[in-house]
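Notes follow once the structure below has been shown.
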Amino acid sequence: MENAHAKTAEECLAFFGVNESVGLSGEQVRRALEKYGHNELPAEEGKTIWELVVEQFEDLLVRILLLAACISFVLAWFEEGEETITAFVEPFVILLILIANAVVGVWQERNAENAIEALKEYEPEMGKVYRADRKAVQRIKARDLVPGDIAEVAVGDKVPADIRIISIKSTTLRVDQSILTGESVSVIKHTEPVPDPRAVNQDKKNMLFSGTNIGAGKAVGIVVATGVNTEIGKIRDEMAATEQDKTPLQQKLDEFGEQLSKVISLICVAVWLINIGHFNDPVHGGSWIRGAIYYFKIAVALAVAAIPEGLPAVITTCLALGTRRMAKKNAIVRSLPSVETLGCTSVICSDKTGTLTTNQMSVCKMFIVDKVEGDVCSLNEFSITGSTYAPEGDVLKNEKHIKAGQHDGLVELATICALCNDSSLDYNEAKGIYEKVGEATETALTCLVEKMNVFNTDVRSLSKVERANACNSVIKQLMKKEFTLEFSRDRKSMSVYCSPAKASRAAVGNKMFVKGAPEGVIDRCNYVRVGTTRVPLTPAVKEKILAVIKEWGTGRDTLRCLALATRDTPPKMEDMMLVDSTKFAEYETDLTFVGCVGMLDPPRKEVMGSIRLCRDAGIRVIMITGDNKGTAIAICRRIGIFTEDEEVSGRAYTGREFDDLPPAEQREACRRACCFARVEPTHKSKIVEFLQSFDEITAMTGDGVNDAPALKKAEIGIAMGSGTAVAKTASEMVLADDNFSTIVAAVEEGRAIYNNMKQFIRYLISSNVGEVVCIFLTAALGLPEALIPVQLLWVNLVTDGLPATALGFNPPDLDIMDKPPRSPKEPLISGWLFFRYLAIGGYVGAATVGAAAWWFLYAEDGPSLTYHQLTHFMQCTHHNAEFEGVDCDIFESPVPMTMALSVLVTIEMCNALNSLSENQSLLRMPPWVNIWLVGSICLSMSLHFVILYVDPLPMIFKLTHLDLAHWLVVLRISFPVILLDEALKFVARNYLEA
């Protein structure tokens, strides 16, 4: 049923053709079940394991590697002699890498538990209904409820469907609907229609929403929506419709993979075509097919060389290390790629309650009447320090510390706060903090009494548990609470009836203490308390009091004010009819006004500094809250989102004002605004969508079920540690301490991680460029193989992988939070950097080929060939006069290959040092600024020595031992790469950046 909240109870009953006292007939239930289905949320269709596995192989680079492995495997079958084992190593290793990558990918996907499944926990098991087949109320499975059912709910129940209240069977009906609307206090419900068809859920005071909890009272209503048609069901549908976009890094790597695969394919084909003339060379036994297969193997080697196989593992390791560092700062990252996304966050949309504020109501101001002379009235105003539930803080008057017990008015004010109160403080020893037991507003009053300590109770020797309610206990020993007149909407107040606890104090007599909304309470006051006496409340005095309350409620602070009053001579207890709540207002008359307290949910201490940091870092902070606009703007001013006297028109909107704008203006509003008040969850999703249309990278905080769709839609969904399971499972990050400052620390960490990732991605890519150049040169010049695929795999995975991982530990730049967020469209490798890595890669390739050629041409233990002989080695036979005196087996020697591999590994280690900083010289940033890098270089070189000198590894890798003379040549060829990169950095620093 649409807009049930705007209809009368009678209209709702007529719509479903049902009688409140009888309920639906069996036939009506059957028809409704056919029409609306069962009252449950459909389960999410998950992907099968097979679908997840196939997904892992959709990446182009992975497919090229898979093809290379299959081809190598087929070619290995046709190998002869002792090379058979070596031939099988390569496809086996490639397959192992692919399987490991797929396992990690599938495991990560399976681990991201489904937020839609978590919604199920809000579905109650049972419901209570009236139906025509039974005279009394009956319990049925909640899934069998249908629209039109007459349902009953009572304190402690979970609401089983969306229900329009028909009648309330208790004084009040309080509902905790925080999971759905984010309201921090329970809401009082009524039965009258809400005439606004566009009312937000917070304003639908005659509706009960599925999954929310009844805090107090009992009611009967008619079910108006079940299953996916409930408010919680709409959230489920919105989440199911939200597609998860790829993170900026994933998009970059995908683009890079596509470009790389095209380049690889071109080079492989080129190498094969260049050598068509060599297919018939004698070395292939004159067989054109064997020659074609030989060069096909070289093309496969090229593919293996060009793909940085170690990259996925290094990225995962770097992100995992980043998540550990973030966890230490209370930011628990649930999805690894989002660590990097945090680095480009340009807008943070933050909830107010609990994130920017403490979510611990505290009284910060109060006043009592000092003097009344005729129509002139002067007030004593006090301020109170301390912004949490901890009973620590001072009472100040004109910025000076005072003892509250010296003011009679404050003693009575503290008495009312302690007795007219059903809440208390509790010290949580596990967390080491004070927490509320009961309503936030009342707990603030309990805390105020502790700070005031009007009877000078000695609290120094008490434990924290005893300290929680020490001063309240003293007051409660003086007066005994007989009964409570519950809060009701019509009078907007509550009261307690108290009698003196001891016979000695009988002279005081019984009292009624009242607290409530100032207008309602003051209207029922006839007197004002001045010291220990009372004087009549004249219109002028009343006006003065209300003026101060209005100023407190609308000024910079927008405090929530409560008036406190006493009825000095209440009726006798036996004369009061407590069963009839309509009489309560009558008993709360002839009151004496005692004072007023102003409270607020105070901003967290560290938030102002964090917002300043965001501004310096070019990040816009938008506050989104369910509170009213005045309060929202006041908090924005207090924490620095708006300055004290900044004009906020066009920069702050309520949900209703936002809805009234045409779509183009809504989009523009999202570009300018920094504050949205009185919003619904759908607004949050809309705001995220509009921000994304400006290419903003948005972080969105939330804690309720209602926030889940927006959390899922934003690039970075941030759930509160104290939030619901649904919010947590829909988010990328959870704040263990619910603190806004933690988000800013996480953004800083994300920026540092991205900078380091850029360094190691570039390091690995320049290494691969070197390997490609090496193989291309050997094929193009007709030289013997310098490197084979199994060696390339070893270098890509192990030797390069360790320093690349260590580059993830580079210290962050000092000015990292002084720069604007990087654009998600910024390329991973710019034109200049591409040139740099081509230059470095070109040197790496040429040096590797040069090392192998050096042994053939110039080494003392080498064959001392001519350049012509080396480049035409395929024509070497005993009958060829050009190769007279040359043993053709020399071209199979492992020494030149070992030289080439050793030069490649040593150059890569030098290159890792170059990658400490993008443009800083090694003289400014010496290697020991990242001790992990120094350690990983030592480990990589040690592993290289292992495959050279520990049998049987040299046989598997087709290598041999090198002597000192060889190593000196390796170092001479490798070291210049540092000088080359220093020259390129110098150009970048002095000519490009300038």
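Each Cβ is built from the backbone N, Cα and C atoms, and glycine gets one as well.
Residues or ranges marked as active site, 4-aspartylphosphate intermediate by Swiss-Prot on the basis of similarity to another entry: D351. Secondary structure at D351 (active site, 4-aspartylphosphate intermediate), taken from DSSP and collapsed to helix, strand or coil, is strand.
Secondary structure at N796 (Ca(2+) 1 binding site), as computed by DSSP, is helix. Annotation source Swiss-Prot lists Ca(2+) 1 binding site at V304, A305, I307, E309, N796, D800, citing similarity to another entry.
The Mg(2+) binding site feature in Swiss-Prot is assigned to D351, T353, D703; the stated evidence is similarity to another entry.
Of all Cβ atoms in the protein chains displayed, 25 besides its own lie within 10 Å of the Cβ of G626 (ATP binding site). What Swiss-Prot records for T353, E442, R489, K515, R560, T625, G626, D627, R678, K684, N706 is ATP binding site.
Annotated Ca(2+) 2 binding site per Swiss-Prot: N768, E771, T799, D800, E908, in sequence order. When secondary structure is read from DSSP and collapsed to three states, E908 (Ca(2+) 2 binding site) falls in the helix class. There are 27 other CB atoms within 10 A of the CB of E908 (Ca(2+) 2 binding site), with all protein chains counted.
What Swiss-Prot lists as disulfide bond is C876-C888. Within 10 Å of the C-beta of C888 (disulfide bond) we count 16 further C-beta atoms, all protein chains included.
What Swiss-Prot lists as region 'Interaction with PLN' is 788-808 (among others), and the listing cites similarity to another entry.
Sequence annotations record features per position, and here Swiss-Prot assigns region 'Interaction with PLN' to 932-943 (among others). Mean per-residue pLDDT, taken over the region 'Interaction with PLN' (932-943), amounts to 93.
Secondary structure of the topological domain 'Cytoplasmic' (1-48) per DSSP (helix as H, G, I; strand as E, B; remaining residues coil): 22 helix, 1 strand, 25 coil. Annotation source Swiss-Prot lists topological domain 'Cytoplasmic' at 1-48 (among others).
Under the heading topological domain 'Lumenal', Swiss-Prot lists 70-89 (among others).
For 111-253 (among others), the entry in Swiss-Prot reads topological domain 'Cytoplasmic'.
Look at Swiss-Prot and you will find 274-295 (among others) tagged as topological domain 'Lumenal'.
Taken from Swiss-Prot, the feature topological domain 'Cytoplasmic' applies to 314-757 (among others).
Listed by sequence, the residues of this chain that lie at least six past the ends of the topological domain 'Lumenal' (778-787) yet keep a Cβ under 8 A from its Cβ atoms are 271, 274-275, 278, 295, 298, 301-302, 305, 771, 848-849, 851-853, 856, 870-874, 891, 896-897, 900-901, 904. Per Swiss-Prot, the feature topological domain 'Lumenal' maps to 778-787 (among others).
Look at Swiss-Prot and you will find 809-828 (among others) tagged as topological domain 'Cytoplasmic'. If one looks beyond the topological domain 'Cytoplasmic' (809-828) by at least 6 residues along the same chain, the residues whose Cβ comes under 8 Å of a Cβ in the stretch are 248, 251-253, 256, 321, 343-346, 613, 616-619, 695, 697, 748, 751-752, 754-756, 758-759, 761-762, 916-917, 929-930, 932-933.
The topological domain 'Lumenal' feature in Swiss-Prot is assigned to 852-897 (among others).
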Problem set entry | Close in space, distant in sequence - R489 (ATP binding site), Cβ under 8 Å, 6 or more apart | T172, I188, H190
Seminar exercise, completed: Listed in sequence order, the recorded positions within 10 angstroms (C-alpha to C-alpha) of D703 (Mg(2+) binding site) out of D351, T799, D800, C888 are D351
For this session: Taking Cα atoms as reference points, rank the binding-site residues V304, I307, E771, N796, T799 by distance from N706 (ATP binding site) and give the first.
Result: I307
Problem set entry | Whether the transmembrane segment (965-985) meets the transmembrane segment (90-110): three or more C-beta pairs under 8 angstroms | no
Exercise. Within 10 Å of N768 (Ca(2+) 2 binding site) (Cα-Cα), which of the recorded positions D351, T353, R560, G626, C876, C888?
Worked result: none
For this session: Sorry to bug you, but what's the C-alpha spacing from T353 (Mg(2+) binding site) to C888 (disulfide bond), rounded to the closest Å?
Result: 81
For this session: Can you tell me which recorded positions out of V304, N796, T799, C876 are within 10 A of R678 (ATP binding site) by Cα, answering none if there aren't any?
Result: none
For this session: Can you figure out which of I307, T353, E771, E908 (the binding-site residues) comes closest in space to R560 (ATP binding site), comparing Cα atoms?
Result: T353
For this session: Indicate the candidate from V304, I307, C876 with the smallest number of other Cβ atoms within 10 Å of its Cβ, considering only these recorded positions.
Result: C876
Exercise. How does the topological domain 'Lumenal' (778-787) divide up by DSSP, counting helix, then strand, then coil residues?
Worked result: 4 helix, 0 strand, 6 coil
